[in-house]
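Here's the structure, in structure tokens; my notes come after.
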């Protein structure tokens, strides 16, 4: 193999526990009693529901329309009846609800008409659109819509296309089994990505604890005559972090602040994503199922192909959890989370369910003070100083945490794993990050309000000035007209010895600025009066007949007494 | 529904494991020490440990902290052992008790307890006592002094008179005094060859205690409890400066080997400047910390008024550690060769 491997700093070697679940083949999970399909399963816009309660849907039928470019469609995982489109708990650490389409399967699993598109006639944009319509998103964890990563950056030529099959988290074996059993379709999917991105090389990175998967992938690559290299990377958590894998395979370090690795000529896809893309392009099947590892405190750990929307507790039963199971971890034991509600559904990014028990994951010892031993810094793959971050996060000195690059933290958990003081470091960092985000949102809102206010003030000033100018112009025109009339009258009357209008007229004509000022003042006074009147009127609006009568009586008495105000104030009219 | 944050897997590690391993690493040095001066050092270790645990418990209680959790972390024992090993082995019991109390109560708990102390507690104790009781802190047993346990106990407990045999100086101190008295007439080679107090490389017997510390230190490094940076930099500074002066004037300056194996060099290099709480934490910071401490220790021990310079050197560097750390933050992933 001509690939030279590089090392990334830090990393840890937790017990992998993969042999628990990688001995048995993938099993098709039976149809659940009910499917709860969240509409929001990827980064980006929330797909809009296009079905209604009571409607019959077919397997693969569109139920959620992608909303905007960064969004992916959602489909019915099987045929059946839509029970409701309503808020249900989603598999998220928050335990919050999101809009879901609930389907009762009819047991027939009847496909909608589908078939592979004629890819030869499709432009890259068509393929992107096709993948979006078929709901293909990254299956590695973040759920980034795949088409969003297939648009080549014109400025930077694509050097390496990397397929992430490292699967570095302990317990998880879904990618391992997928590669062992379905390597051909994976390689075809990678070929599609290759054709779109035109990279100089394609590298498939697999941790060296998966020899069967590596062999299967190499065989498939050879069988299809592709020039992809399947590279065994040393098993070291988190080698499957995108940036760590890029480092190991290419030596490039993508800075934490750089969102898009494409800017460095590298693009990374999860191996499961390549498979899903080929199911869409090669078979016309939208993403409606995925391989899920069922493991942990169970009698028979194995991998299943489960429909999106299957309730987790129902799915986990297939592995026969032991009676002392007290929770379900979604994801791996390093970065996963205990689902707050076990009836939450499997989504596109659910790669693993671990039955949790205290026997397997003993409760953590109480937190001790940090002794600055630096074990966390030696374990951090992003070369941060977690104990310094912890110090500042704890003190709520969030500016300092940013100075120590808190946003480069990928929350891989290596620091917490090694900490002898048992400090939940990652928790502190999540806390600091969310506090900073909240503050930034607040600041942004305040800034926007300030801008709005300032603009309002500016607009009012401008309108006032415009109005004054208009009035001045009108006044000047009026004066000029009057002067002209006066002159005409004077001319008609002959030489009148005493003609006051003639005296007045030149006055105005000579000094239009003064006239404008006077007009503005008059206009302002008129406005003030109008306002005053409006205000007065408001007080006597909506009177009951009794009140009106009482008021009229009072007015009458006042007038009799001679203290009534004059009915109308003298109006200052120009003429 | 319970809540527990990821990661769910944790390495088997704890503060008490760390401290226990540090204690284990001290055992080769302690064994050599006991062989050299007899059971007195063991008595001192016991006195210091008991005092430290009692002081720790009292302070934890006063501060309202959980007793069992913190007493079992073992940090007080490490401090106690370092105090016992740096004080004269036949020092009266109250001297060790005073030092230990000072370390635990003032240097540790008044600053916030475990993980919060800006200064190395054992070195604070040493500095406080050598300033307050210079005579007692300079009385080291003469070479070849063989006293049975009971006699040693009596001396430590103050039941027997402090005889002349106790009032030796450390090899380092003895050399400094001899060179001063000799007014340039005496050279080091002559001293080493003719005085009982010196062995093959440094102080007779003490060289083997230092080797014991070195062995323990290397084990700590193998166990990844300390990194190589600070010890290597510390020893390198010692070798460089002593080597340069030794080459320049071998008659008045002892060889690097003598300095490496004398006084607190080895104990300091592996067990004191590696203290993470009061030392530097970044790799470059540790190099600067170790090198400067080595340099200062040499200057103080050779040109200063105290028998050894490690304690003061470490305290001075403790002061600078936060600044050094701030200035030596490593470049993070993806930012190497870039403007930060």
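Quick reminder: no glycine exception, Cβ is built from N, Cα and C everywhere.
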**Item:** Stated TrEMBL location of transmembrane segment, expressed as one of B:228-247, B:308-327
**Value:** B:228-247
**Prompt:** Among B:30-55, B:67-87, B:205-221, B:228-247, B:253-273, which stretch has the highest count of C-beta pairs below 8 Å with the transmembrane segment (B:123-140)?
**Reply:** B:67-87
**Message:** If contact means at least 3 Cβ pairs within less than 8 Å, sequence distance 6 or more, would you call the transmembrane segment (B:67-87) and the transmembrane segment (B:30-55) in contact?
**Reply:** yes
**Item:** residue B:170 (FMN phosphoryl threonine) CB neighbourhood, other CB atoms within 10 A
**Value:** 21
**Message:** Six or more residues beyond either end and a Cβ under 8 Å away: which residues meet both conditions relative to the transmembrane segment (B:253-273)?
**Reply:** 22, 25-26, 29, 82, 85-86, 120, 122-123, 170-172, 175, 188, 192, 201-203, 206-207, 210-211, 213-214, 216-218, 220-221, 226, 230-231, 234-235, 238-239, 242-243, 245-246, 279, 289-290, 293-294, 297-298, 301-302, 307-311, 313-314, 317
**Prompt:** Cβ under 8 Å to the transmembrane segment (B:205-221), counting only same-chain residues 6 or more beyond its ends: which ones?
**Reply:** 21-22, 24-33, 35-36, 143, 170-171, 199, 227-228, 231, 260-262, 265-267, 269-271, 274
